[in-house]
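Have a look at the structure below before the remarks.
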Amino acid sequence: MGARALTCLMCVVIALNAIAAAAGLALFAVAIWVTVDGYKLYPISSVSGKDDIFAAAWIAIFTGFAFFLTCIFGIFAALKRSRGFMMAYLIIMFIIFLFECASAITAVTNRDYLIGNSNLVKKQMLQYYADSSTQGKQITQTWNRVMEQVECCGADGPADWFQYNSTFKQMFGSTYIWPLSCCKRLSTFEVEDKEGCMVGKATTIFSKGCFQYIESVLSRYTWAVSWYGFSVLMLVFLTLMIAMIYYMQLE
């Protein structure tokens, strides 16, 4: 290959690495957003032992920043036209590529398991809501916050609380049909009609279920970690291919 062609190829490698470095930083930031869990739904996935979306996000934090650093090194290696540096760059990039593959696949498969339907989320709610264990307290706080903020009740609807046996029903079934967090509230956040809600007056409760909201949040987390991760992987794969060609042309 002529010197001019090699220089052009070097410029392509540098440009692709610059873009991949920026994409790696973006992946790093997105993964941090997921692990911070601004919607505070981690207990719902954690209690099932299927919190792999968040585990995948932790991997993506590492891979995103590692892509950034390695791409910077790749630019340096390309400018130096060093076969040794380029070989080291290719090996490191390939290892990080494999880690990010694991992260993206883990997030997708866990999402399908956790929110493929509402039954798993509903089972957790019925089992742990109002339970005195640490997990029970976390689930109770999470569900209370979701039901009050989103104005929903139960997984599929208010009927979940009396159609199925649950910890809440065993403890409070003689007094409440559903938790007070299912009751409509005033602007002061106080229960609008506690007595009417306690006896099941339809106009005093939130009629829609919360599963759609939970599904949408966890899907956002999954898209952030997996599908954006996949797009970064495609860019890195292209970068690796061009870098390999460049490496083979170096003397």
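Cβ coordinates are placed from backbone N, Cα and C, and glycine is handled just like the others.
Curation does not apply to TrEMBL; its annotations are automatic.
Predicted, not measured: the structure shown is a model, and the values here were computed from it.
Annotation source TrEMBL lists transmembrane segment at 7-33 (among others).
Annotation comment: TrEMBL describes 53-79 (among others) as transmembrane segment.
Residues of the same chain lying 6 or more positions beyond the ends of the transmembrane segment (86-108) and with a Cβ under 8 Å from any Cβ of it are 27, 52-53, 55-57, 59-60, 62-63, 66-67, 70-71, 73-74, 77-78, 221-222, 225-227, 229-230, 232-233, 236-237, 239-240, 243-244, 246-247, 250. Among the features that TrEMBL reports, transmembrane segment is placed at 86-108 (among others).
Cβ atoms under 8 Å from those of the transmembrane segment (227-248) belong to residues 6, 9-10, 12-13, 16-17, 19-20, 23-24, 26-27, 30, 60, 63-64, 67, 71, 74, 78, 83, 86-87, 89-90, 93-94, 96-97, 100-101, 103-104, 107 of the same chain, restricted to positions at least 6 beyond its ends. Summarising the annotation, TrEMBL assigns transmembrane segment to 227-248 (among others).
Counting only same-chain residues 6+ beyond the ends of the transmembrane segment (7-33), those with a CB under 8 A from a CB of the stretch are 1, 57-58, 60-61, 63-68, 71-72, 74-75, 78-79, 81, 100, 224-225, 228-229, 231-232, 235-236, 238-239, 242-243, 245-246, 249.
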